[in-house]
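S.K.: My questions all concern the structure below.
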Amino acid sequence: MFVQELVLRQRTEILNALCSSGSAEHLEQVLDILLSQGELTWEDYQNIQVSGRALHCNARKLLDLVYIKGEDTCGLFFAAFKRVLPDAKGVGTSSSGCSSTLEEKEEHQSTCTETLLTQRPSLVEKLRGCIDGALEDLVTSGHFTSADCCEVQLPIHTPCQQARRLLDHVRSKGESAAKVVLQFIQHKQEPVSPLSQEKLTPPKEVLKYQKKLSSSISAQSCFLSTYGGTSHMSLDDIYTDGQLELAHNCVDVNGPLGLEDIVGAVGTVNKEADTVLVSGEAGGGKSTLLQRLHLLWARGAALQDFLLLFPFSCRRLNSEQRELSLQELLFQHCCWPDRQQEEIFQFILDHPHLILFTFDGLDELKQSFSDEHRLCCPTQRAPVHILLFNLIQGSLMKGVRKVVTSRPEAVGPLFKKHLCKEVLLKGFSPSGIDCFVRKHHSDAHVAAKVLESLRTNTALLGLCHSPVLCWIVSQCHKELLGCGEGSLQTITDVYLMILQHFFQHQSSLKNTTGLCWLQQHLQTVLHLGKLAFDGIGATCYIFSGTDLETCGVTEKDICMGFLMQSKDISTHAEGYEFLHLTMQCFFAALYIVLSDNTDRSTIPKLFETQKIKEAGQSSRCFIACLPSTDQPQRPSGGETTAAETPNRQITATFVSGLLSQRHRNLWLHCCPSAVMEKRVRQVVKCLSKGMQKHFKSIPQPVEGEKKSMHAMPGFVWLIKCIYEMQEDRVAKDAMSKLEVDHLKLTYCNIGPVECTALAYVLQHLRNPVGLQLDNNSVGDVGVEQLLPCMHICNSLYLRNNNITDEGIRKLLAKTIQCEHFKKIALFNNNLTDACTQHFSRLLKIKQNFVSLRLGNNNLTEKGAKQLAEGLKCNHSLEYLGLWGNKIGDAGAEALATALENSKTLVWLSLVDNGVGSAGACALSNIIKNCTSLEDLWLTENHITRSGVESLIQAMQHNTHVKSVWLRNNDLSLEEVEEMKQRESRLIF
């Protein structure tokens, strides 16, 4: 009764997995499978799926029924559950507990109505995208009325639910109706694209509109628009691919993602949603990526599944004060049809799967995402943000594909539940930096000099992973090459360099040199700084002529090049915006540092660490610090927007850097020294207070466990601020109060820039610490940036960080010299056999090294043999994890020979390595001779009875071994049962 009891024992976990998403889809998919297998009758199905009853109640009803039906039905339920939810944790059976499998039923049954049941899962999938065509055939054949069609196509149902209702109605209509549906599916051709799927020839006016729309988009996209297009660079000439990754691991993804994969099916986690999020840090290249997609579509070079593409900028949507209908939003903000607007809009409504919307910069929208105001009618007028939110949710124009870009901090769980997938844009790879610099400079000699300068300054190279910083460095190549090795270390350094570049490039004072350049342009800095400061406080990025006049911005200030023209889409008046959002934050920081018109509470409020949703005072620090007459208008209701906290943090980072001792000579003639010192003390106090807040949140360790701190992204931001100050005393003070054994920074968007800051601060820790950086974007350059703090690390965890052999070479060359360094975990990276020579050397030299985990990489028997050479000489290793590689029998034999006489090995994992019985026989020598061994993992291999026999014989000589794991090997159920009886420590 094992499986039947498991249904009771795991009832809570099963219900949570089926119902936690709030969607009935998972439950309905399980029901479809059980119906098709004949485990549920039609009456059972109707008793479970009672309309109007809560989802949890229906799920409980299914579990009750499954339990009553007995052992076989419970086994098939688990098989169905695992097919629908393969990644569900805490639910399932062991291999010995259930051998039930789902059988594919024959398609040709005695009746068509029976086929509707036995093929139900596949029929739902086939019908979900073509409900209209099936209904049309049923109406034409006289089986369905218009009322039947309306009942199937209720807007509250998802496409899959509509497909199920259609099948249910057809079944009630009898054999002839079922035959019509099956014939429709049989005759339906496999689609090459949505256009060919319907054999659709769009009306002439729609094709004319498509031509006009693509021409307009092509004209807008052909030159680099980001950073103001300051060099009028062709997008074709300068565009460089960034690193694209799925936010969720996907086994179907081989190699890097391409641009078309963003809107493709790869990586989809919610088939019922149609919104894709592209998230990345400010300056990470999101807008340029969308611009590239737009241009490729307009040329017919990509995204040809979509007949029409409508691009939107959330920054520009902010200025739309009118209530609009969806038709007005599309035509007034993108491209106006010359004629037959109603017919074209009706075509859009009738064919949503042929339409693509892009929304750039959701984080810049004044309103935070909400699903409270539902809107289903495409002709109803509403505020623009309400239209946008309902498009994203699918309440409005379900089926239209949407691509939305945003900074990661600005999107929460409420938004993400409406996503079909999330794609992470992680800036340039090292080869991407090289490519961008060479494209930026037509003179290959200059490009080579810039790249050489970057290679000699690894901190600056790390910064260049951000496309906006790479652009600045390329733009200011003369200043870069003339500033001396290593002088550019921080983001603030880079922005000061472009500030000087623009001023000196535009200045009529040809002899302007040295430190006086800022003093000569102080008024421009203050004018633009006030504009930036006010704008960030009001979530405003596009400024009218009145805004400029209010802040004292003159024509001369505009000519300096930091502002670019931008048309207000609601009034069609000319406006201005900063070259980049980060540039606006930089000028706001300059204003805070240099102006005497800000309140003394400006800096403390700037560094407050409340979350976005907390009450408004902290997030309105910019406004609160201005005289009441100067305060700009905010969104009604005092709402806090998603952009405020990220913008405030970027500005605070710049303030920290500007107040560094390294830059104070710049301010000597611009601001009184006493004022400057006071502001420095304020920043230092705020950083100390912020760090203390994180330290106080560290829980006391459970007895026998190490004290651990799981840091949040806000902690990383404070670390970056400390790094920008470049003052050892501040870093030492911050770390003097951190007393933990383990520092966990997983999923914190740690890239090379953050690694530089972490190393700078963590090197001042007083005691060794374990550093866990799993699931970030460290890469090889980030690894190199971490080297200065390796002497204080006793363990390093870098799971899933896109690290290659080259990064490992540099890391191990350093850690071999570090006395405290004893553990490393590098699973899910891009390591090959080439890295094993470095690990072998480490194992030979470091006789206090205890743990090496290299799972899920690309190691073969060659790498295993290389590791074995080091293991023969090592007398300290306790844990060795090589799961998910390809070492085979030869690799296992080499490791066994190296480890069979170990006096320290406790745990060894060779899961999923293609190990057969020959490898198992060799490994049995470790069991026999290694008295310290406790656990050996050999799951997911190809071991047969002879290999297990050898392991059993060895275990008889070693009672210290606790378990040998052998699930999913080449053994029959009878062999498993027999061997479990002979040796209870074998785990099948």
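The backbone N, Cα and C atoms fix where each Cβ goes, glycine too.
OK, TrEMBL features for this one:
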- 1-82: domain 'CARD' (DOMAIN)
- 108-187: domain 'CARD' (DOMAIN)
- 274-410: domain 'NACHT' (DOMAIN)
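Help me picture where these features are in the structure shown.
M.R.: Using DSSP to sort the residues of the domain 'CARD' (1-82) gives these counts of helix, strand and coil: 63 helix, 0 strand, 19 coil.
Here the domain 'NACHT' (274-410) has a mean pLDDT of 89 out of 100.
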S.K.: Using DSSP, tally how many residues of the domain 'CARD' (108-187) sit in helix, strand and coil.
M.R.: 60 helix, 0 strand, 20 coil
S.K.: Reported in the order helix, strand, coil, what are the DSSP residue counts of the domain 'NACHT' (274-410)?
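M.R.: The counts are 54 helix, 27 strand, 56 coil.
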